[in-house]
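Student: The structure that follows is given in the form of structure tokens.
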Amino acid sequence: MLATNRQKAFGLIGLFILLLTAMWMSVVYGYTDTNWRQAIAALIDNNGSNAHLVVATVRLPRALIAAAVGASLAMAGALMQALTRNPLASPGIFGINAGAGFFIVVMVTFFSISSLQMLSWVAFIGAAAAAAIVFVISAAGKDGLTPLKMTLAGTAVAALFASLTQGMLAMNEKALEEVLFWLAGSVAGRKLELLAAVFPYLAAAWLGAMLLARHVNILMMGDDVAKGLGQRTNVIKAAAALLVVLLAGGSVAVAGPIGFIGIMVPHMARALAGIDHRWLLPYCALLGGILLLAADIGARYVLMPREVPVGIVTALIGVPFFVYIARRGITAK
Amino acid sequence: MKKYVTVRMGSYVSFFYDKKAAVVIAAFGAAAVLLFLISIGSGEMRISPLEAAAALLGYGEEIHQTVILTFRLPRVLVAWLAGMALAAAGAILQGMVRNPLASPDVLGITGGAAAAVVAFLALFSDENNSLTVSIHWLPLAAFLGATAAAWFVYMLAWKNGLAPLRLVLIGIGISALMQALTTLLMIVGPIYRASQANVWITGSVYGASWQHVSFMAPSIIGLLLMAMLAARHVNVQELGGELAIGLGSAVERQRLGLVLLSTALTGGAVAFAGGIGFVGLMAPHMARRLVGSAFGALLPTAALLGGVLVMGADLAGRMLLAPTEIPAGVFTAALGAPYFIYLLYQSRKA
């Protein structure tokens, strides 16, 4: 664990360099191997050759999307874990990914919507709806909001949305192959315009999360203490929930439901940088980007020449982590 | 009038039940038969239940007999058997784990069976999507997958004993893992092209044939009978480990047997009807509401209820948006997920 602010700042710089390295590797390595000379040439002086085309239209968008989505999911996970005091909280487990996915498939199937702008809005609405449902369900009942009830309610809501999505796809065979790949979560073959459509929201949410970090720290001391210190806890909670919806909804709109980044990364970041959210959140962003980039590079090599959706790779890495946290025990508040 | 009736046959079969349970079981039996007749009569060609019954017995119009005997009967039978198997598996698990949220889906057992079935189809399919080995091996694959998943969950959840909630959480994790593996295998294997695989994963009895029934019926019915024989052990298990040991039960050995029994039931259902979700969770619960938790009455009630649920889900899926078919699993999930949430809301100690 990095103790002083100086060490933490150096850690951040180190992670940033690592992120750039991962992005560079993501651009260069894959089925069509290129090298850094070609990559730079493709950006500055694109001569339309095959290698240059691959870099400019496929690899670079993919690397940027992976970095943005990984960062957003990790930050969403960190905020959710703080908000619910549940170490298993994350957009995937709480049904937010599945909810956004469901709404998107409904819109594509029944209303033939394909405008990217519209789809990103649909994803936000779906994420918000799923989050609201899970929250209401777990707040109801005899002993209110316990971490365990939230986890179980989230799983049930996720299962419901996933099953309804599957059902719609089974009816609509034409859309299946494309959407199946999208539903598994992938950053491959996504256009840069897709990222551009949601980037303003993601960037606003990153900034908002950083501004909120101080308040989240106070909230972590418990509602009563926070109130005693003069915090309007409900306002802070609502703001954090809005940020989660923006981060998770935007990620799903671009890359489909990629699971487990939101669970894993905050725990890793906490081990490195401690529990102060002013440090934790940027660590999450960088680590999340690095992890998703690495998983995506790995996904290219598992079944060469075919690709595996990166959501499968993150699940394969993430489940052992999930099991470890579940074994360590989640405390019922 | 006595409230309970004791049933004893030899030294192995012995259980008692509420008289009300007998009425409930009879009612569900009747409902199953009625739904069965409606279901085989419904579809593009409508046949009234009476005519359907006549056709079954070999009377009536020839075209009715053909439609019913060749196409609809196997499908409805597979739905019925799968529903019974899943519900019975859920009832055994819930009794054993003593947690109302336990079910083959939540514990990842269904997911394990599904992953194994997809692996089987992916590994043993040729270019033309036809199987290179007999389909009779499919249930074995499903059983092995279910067992492997159950074993994983059991092992990972063990930590100075088996806390039910840890079991459920680990089950959720292993389910996710199995889902990832299934998707991976669907992409690797030639069945990626066949959209039928997706229908199958959701849980559908579409295209079931007599070949399926002839293989499924004896194994599922045999397993259900074994479950009835094991009923008294489940009753003791439900008292909790220490009390059960005190009563002289070989607790661990019985647990192993019961887990194997419920994984076999789940595997058999998933092999032929796909991942029909939430039946193993819902049916035992509703049955417990109706007849109480004495297992001799609970098991048949739950099984009949499960059969009715899946048959009904299949019927609804065929009729609602005809001619488009909605997989039965969509309906069971649409019913089951809210029910799961309701249970969560109800449970006092979370």
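Glycine too: its Cβ is placed from the backbone N, Cα and C atoms.
Note that the structure is a prediction, hence the values are computed from the model and not measured.
Dumping what TrEMBL says about this protein:
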TRANSMEM  A:12-31  transmembrane segment
TRANSMEM  A:63-80  transmembrane segment
TRANSMEM  A:92-113  transmembrane segment
TRANSMEM  A:119-140  transmembrane segment
TRANSMEM  A:192-213  transmembrane segment
TRANSMEM  A:234-260  transmembrane segment
TRANSMEM  A:280-303  transmembrane segment
TRANSMEM  A:310-327  transmembrane segment
Student: Where, among A:12-31, A:192-213, A:234-260, do we find the most CB pairs under 8 A to the transmembrane segment (A:92-113)?
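Tutor: Per the Cβ under 8 Å count, A:234-260.
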Student: Among A:63-80, A:192-213, A:234-260, A:310-327, point out the range having the most Cβ pairs under 8 angstroms from the transmembrane segment (A:280-303).
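Tutor: Maximum Cβ contact count belongs to A:63-80.
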Student: Cβ under 8 Å, sequence separation of at least 6 from the ends of the transmembrane segment (A:12-31): give me the contacting residues as numbers and ranges.
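Tutor: That would be 39, 55, 59-60, 62-64, 66-67, 279, 282-283, 286-287, 289-290, 293-294, 296-297, 300, 304-305.
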Student: Below 8 angstroms Cβ to Cβ, which residues of this chain, lying six or more residues outside the transmembrane segment (A:234-260), approach it?
Tutor: 65-66, 68-69, 72-73, 75-76, 79-80, 82-83, 90-93, 96-98, 100-101, 104, 119-120, 122-128, 131, 135, 181-187, 190, 194-195, 197-198, 201-202, 204-206, 208-209, 212, 215-216, 218-219, 226, 292, 309-311, 314-315, 317-319, 321-322
